[in-house]
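Structure first, then comments.
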Amino acid sequence: WFHGNLSGKEAEKLILERGKNGSFLVRESQSKPGDFVLSVRTDDKVTHVMIRWQDKKYDVGGGESFATLSELIEHYKRHPMVETCGTVVHLRQPFNATRITAAGINARVEQLVKGGFWEEFESLQQDSRDTFSRHEGYKDENRLKNRYHDHTRVKLQDVERSAPGAEYINANYIRLPTDGDLYNMSSSSESLNSTVAACPACTAAQTQRNCPNCHLLNKTCVKCAVKSATLPTNCATCNRKSDSLSKHKRSESMSASANASAAGTGPGTPTAAGNTSAAAALNGCLAVLLKKHCGDASPPPSTTSSCSGPLTGSLLNGEGNQFKTYIATQGCLANTKTDFWNMIWQENTRVIVMTTKEIERGKTKCERYWPDEGQCKQFGHAKVHCIKENSTNDYTLREFLFSWRDKPERRIYHYHFQVWPDHGVPADPGCVLNFLQDVNTKQSSLAQAGEKPGPICVHCSAGIGRTGTFIVIDMILDQIVRNGLDTEIDIQRTIQMVRSQRSGMVQTEAQYKFVYYAVQHYIQTLIARKRAEEQSLQVGREYTNIKYTGEIGNDSQRSPLPPAISNLSLVSCKSAVAEPLTAAAAAAAVAANAGNKHAAKLQPPLPPLGASNNNNSSGNSGSYCNSSSSTSTAQHNGVVSSSNNCSSGSGSANSSNANGNGNILGNGSNMRKSNFYSDSLAALKLQQQQLHDAATAAAAAALASAAAPAATTTAASASAAAAAAAAAKYKNIPKDMNSLRQPHAAYVAAAPALPPPPTPPRKT
């Protein structure tokens, strides 16, 4: 129910459009930073109640005070407030927010597992109405090729212009939202169509959601069912309005692009200049979306500027320079192989991602558009030579030498993911995360080598389900890598933005769940890996078996933690949510996090979620752990009581099948390109050292007690000093080794001295 930085108008709009009587949310106060506002829908209007923060307590301007916001909300759920006019303010159901901090992914997944996935996905489906034109796809010559949006489609340049539909291909540019886009997003329950005024018929359909009979029956009543049956399913009036709006925005962006090109400010591109309109159209689309997110506010300059060349990840102007661009396309048909390779050459794509098998369940999902290893094949003007092919448990990597119209060859890397099941989604998100890391590593290495690779081309069969799932996961992970675990992520809104560029992306509820599980798995891995590095520093040795493979067959390459994660302190994470910052501490935090706009945002001191933030994904084990040792398997029962989603426990050396009971990291050994291990020898040495220290302390205490009465004070001082030294000595022991820690020296004094360890047999 906590929506962070949300304005009062946005809160009213959300609750009135999507909520029902009794729906409530809590947001940060816009007028008084540090305070919060409780917004409740009562009798089809919204009541705002100020929540004050003073003397380290929360109150609503009188009455009882509470240590946390959660306690205040629970209290007023049981004891409703009464307005001065006599209206009772009932807090019946929270209006859930989908925008969360990355570190809070476990709590969000746990909440959705209880029944919220279906509701959230259905809300996404209802918000995905057509707001952009598809006129090109409806033409007779293109009807069998594509049904997707016009403003982001890829246009082929090197074709016969006389043939109708020759420049048309089933492919769309997908751009990662800039940081400005994400920062200006309002709560994800807001409809994407808020700027398009609906006709009376659609307005009537919208009001049916607030029918009290439907709410009472928990289903559509007969009256609403009859009324909805008479309404148009695809309103022409709304479509005309949205088409004219999108045309207006596209014309603005294209004129801006033309001005930039005339001024000579655009970057040079390796592809045809005809794609300028496509890039400008997509920027115009994102400007429309951003305006919808921000209300009437103008979008940041980085999102309104158009690029003067084709839309590639390394060629976008402004803030977009940091981010990748993808091409989502359909799997090749028998008559589209030449068009596919034409697009690959035109866009200077060097990495192709294929997420489907050629045949699944007896049906052809994608025609083979490449030759066998060592063979060369011609596809129209395209000549493709497969020079190498390597396979892993999850995917096959092929290397092609590709030329178009006998021009100089380019090296293409074809990543063919082959373990996606015919039904549903993979049981282990780790295999997908490993795959994405290898793909991104290759794309980055090409950019560092100065080859200026174009967009990554991703396709499955239809180019929307698995393709959208892979792209959305990669977008979210890139955001976390850039901004750290304190960044705000919104999976639902990210999918909405991707669907605005190619409709239907992330097609099923199972795929929607999988996006959450994959992001959760990745965040758990970052925390576990960071914690492993901290433990290695505390114990004073390096984890030599944690390896990070950058590509196939190269285990010597290590990838460091992202800077946003390596600077993270797990200890500070625990205290950051425990109590609010003072003014001095807040100023220090702002200074320490300069350049990170998310770090300075105020958050309510919510109570620790404790062991309730368990990982609810099922059986995440497998290829996400690349083991380099096969000596032991650890079973750990780590319990976490803090809200920073950190684990306490060791991992497994020979596989990722460690049992984590009550462990917030789920399968605690799972981590990206690495896994933990149980150092039994080191643990035994540490235990023996602790036993020896305890025996020494006990002997010293016994000698002190046997001394003269005059030395009682001295003995007490020595005992206290020994206790303090012991406490300091064990202060930095990791939680998963607390079981090896001995009791306080004061309690050991009365215990009998432990016998020395047996002498090992002499070797002969």
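Just so it is clear, glycine is given a Cβ too, placed from its N, Cα and C backbone atoms.
Range with Swiss-Prot annotation region 'Disordered', chosen from 246-273, 358-385, is 246-273. With the fewest other Cβ atoms inside 10 Å of its Cβ, the least crowded of the binding-site residues Ser461, Gln507 in this structure is Gln507.
In this structure the C-alpha atoms belonging to Cys460 (active site, phosphocysteine intermediate) and Gln507 (substrate binding site) are separated by 12 Å. Across the binding-site residues listed here (Gly463, Gly465), the residue whose Cβ sits among the most other Cβ atoms within 10 Å is Gly463.
Within the same chain, residues at least six positions away from Asp422 (substrate binding site) with a Cβ under 8 Å of its Cβ are Glu360, Arg361. Of all Cβ atoms in the protein chains displayed, 26 besides its own lie within 10 Å of the Cβ of Cys460 (active site, phosphocysteine intermediate).
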